[in-house]
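K.L.:
The feature domain 'MARVEL' is assigned by TrEMBL to 8-154. Among the features that TrEMBL reports, transmembrane segment is placed at 12-33, 45-71, 78-105, 136-159. If you look up TrEMBL, you'll see 170-213 marked as region 'Disordered'. TrEMBL lists 202-213 with the feature compositional bias 'Polar residues'.
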Amino acid sequence: MGAASKVIHIILRVFEVICSVIVLGLVARFLHLVSQAGVSADSRIVYAIVTASISTLFALVFIAPFIYAYLAFPMDAILFVMWIVVFGLLTSRTGSAMCNASWYWNYWGYYWGGWWRVPDLTVWDRGYGGCASWRAVLAFSFLAAMAYLVSAILGAVVVHRYRRKNSPVTTRDISAPIPQSPATGRPETAQVHDPRAPPSAPAQQTMGTAVDV
């Protein structure tokens, strides 16, 4: 693990915490207002706050640039998918109309501004008080997804290099030449000595030695 990967890891984790906390705070405030109005919460908003809560806890636990934090890259990939789902589900509520959509006027903007407390209220009296918060939820949901995607890629690369560097060598280097016997010119093979075998007799001298008869 190099210094660059550690710095990038910490920056990503801090950014993930920031994005998750912003979404968590905005959605939690909206759910509090909805509960005061006595109406049911949108299931997509509930999914968003659950994802933001898990994301915040995960980023805080694995913020230190140790190897176990990089080993958690599958969870980074899962959180990337969860945030993309959050962004897609929430965006589908308003579409390209954003703060001019009917869902925004009748749900997010209505309860965010506390307009249920005002009797005889017209649509034009509400304004766009909750538009900035809604845009912020969408924006930081997308940014959180991208941050977790980069974290997953970084973790996978670091873990791959770490395992390759620390894994024992199990195979012979095929680029190294195979030693050959100078007598036969064939590749040498290792000979295994059997301790149970009887010692071999010394070779007879046949050349340059007189033999007694």
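FYI, residue positions are counted from 1 along the chain as it appears here.
Glycine residues also receive a Cβ, built from the backbone N, Cα and C atoms like all the rest.
Those TrEMBL annotations? Automatic predictions, nothing curated.
Just tell me what is around each of these and how deep it sits.
P.N.:
Here the transmembrane segment (12-33) has Cβ contacts under 8 Å with residues 41, 45-46, 48-49, 52-53, 55-56, 59-60, 62-63, 86, 108, 111-112, 114, 133, 136-137, 140-141, 143-144, 147-148, 150-151, 154 of the same chain, all six or more residues outside its ends.
The list of residues near the transmembrane segment (45-71) in space but at least 6 beyond its ends in sequence, with Cβ under 8 angstroms from a Cβ of it, reads 1, 5-6, 9-10, 13-14, 16-17, 19-21, 23-24, 27-28, 30-31, 79, 82-83, 85-86, 89-90, 137, 141, 144, 148, 154-155, 158-159, 162.
With a cut-off of 8 Å between Cβ atoms, the residues of this chain six or more beyond the transmembrane segment (136-159) that come close are 1, 5, 8-9, 12-13, 15-16, 19-20, 22-23, 26-27, 48, 55, 67, 69-74, 76-77, 79-80, 83-84, 86-87, 90-91.
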